[in-house]
């Protein structure tokens with residue numbers, strides 16, 4: 001599901017922050033320093049966006065990540081990647097301070113006023129035309145299906161030997177090779193709270209997720225949600241059975257595109273996923289493109305912290321918002337799985353997760369996510385990026401009483417810690433706030449409900465995350 005904070009693909013150095021007047025709009029131009037030029041952006045969409053790339057969706061068309069991050073000179077990352085490390089505590093490094101499923105498979109795109117287009121994802125994955133591979137493509141094993149079969153035929157005693165299409169981006173692997181234990185107590189507590197109430201994960205999924213939706217049901221739900229956000233016709237919708245995540249935003253043929261995993265589109269979970277991908281990532285991306293810090297240079301000039309963990313934390317909270325039982329199960333189990341993977345082989349990790357998840361297919365997926373980037377999974381090791389979800393959730397909940405959530409969204413892809421310093425410089429005309437955030441009293445009540453349901457202790461969060 002989604003997955004960068006910082007910079008936009010269209011880059012130009014912003015003006016210096018004015019002494020006492022609001023920032024003005026700035027035209028964006030293609031960046032010449034990050035791979036091939038982009039397709040022209042449709043004028044009807046206004047400001048350009050760059051969204052994320054799913055691991056199974058790389059095609060010969062050019063993909064752009066949702067606000068790129070320079071891992072090396074021109075590598076791409078998932079939309080909400082950032083230079084933030086989940087192992088760090090306290091303030092992060094800054095730049096310089098401011099100077100002053102098939103109703104209509106395939107076919108042509110629909111006009112802006114029509115229903116969202118749904119197309120089956122093509123599997124003819126070609127080699128990337130970029131100088132550097134997308135992180136999710138580079139870290140997705142090319143022999144995953146074969147290794148899965150070997151693993152299950154061995155009765156879970158074989159450690160998969162993964163192969164990858166592209167050379168491993170070592171800077172990424174090194175960045176995410178260390179797992180954090182900072183919030184392990186909270187992760188285990190959330191998992192145990194779910195199991196106490198439902199007995200098993202499978203019961204939890206059946207009770208809170210509801211039935212899997214058909215393609216037409218997905219289409220209808222997406223259309224209704226887009227109407228709520230006023231973005232019908234802005235986003236193409238595609239369906240896939242090959243995503244490691246539940247959903248992902250990207251750009252295909254210069255159109256904002258939402259790919260949805262058919263195997264995870266459940267009756268009561270789909271709208272939460274839409275709040276995550278569209279209501280959070282997409283709208284914050286739209287708002288970010290209007291700000292003077294939309295580029296790498298702009299973020300440095302304004303001294304901004306990475307947008308993560310705020311970006312994914314906020315989106316993850318929105319995934320469970322308004323549920324009767326808003327358990328943070330997925331974020332907690334990802335956090336736990338990655339911590340354990342750092343000390344276990346693949347088969348050991350698979351057996352360890354049996355205490356929480358009986359379904360072997362679900363366990364396999366969690367283990368693959370945690371072991372991404374490894375070739376010999378008999379060795380301990382992890383890919384720790386997915387710990388950002390719970391990390392971001394807990395940081396936002398810790399400061400939920402003081403965060404200006406509407407301004408946080410309007411300012412684009414920024415950390416909650418930078419909101420106050422950016423308040424005088426933000427371009428707030430025509431920014432977009434998701435429909436579920438307009439009633440702030442109700443929104444804050446839901447955050448309290450999430451705290452209570454997941455048994456999160458205010459004092460403990462204060463100790464772990466002091467001011």
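Cβ coordinates come from backbone N, Cα and C, glycine included.
What you are looking at is a predicted structure, and each value in this text was computed from that prediction instead of being measured.
In this structure, residue 277 (active site, nucleophile) is part of a helix by DSSP. Summarising the annotation, Swiss-Prot assigns active site, nucleophile to 277 and lists similarity to another entry as the type of evidence.
The Zn(2+) binding site feature in Swiss-Prot is assigned to 276, 281, 312. Over all protein chains present, the Cβ of residue 276 (Zn(2+) binding site) has 25 other Cβ atoms lying within 10 Å.
Taken from Swiss-Prot, the feature compositional bias 'Polar residues' applies to 1-10.
Swiss-Prot lists 1-40 (among others) with the feature region 'Disordered'.
The feature region 'Disordered' is assigned by Swiss-Prot to 77-111 (among others).
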Residue among recorded positions 277, 312 with least C-beta crowding, 10 angstrom cut-off: 277
Other C-beta atoms that fall within 10 angstroms of the C-beta of residue 281 (Zn(2+) binding site): 32
Nearest-integer angstrom distance between the alpha carbons (Cα) of residue 277 (active site, nucleophile) and residue 312 (Zn(2+) binding site): 10
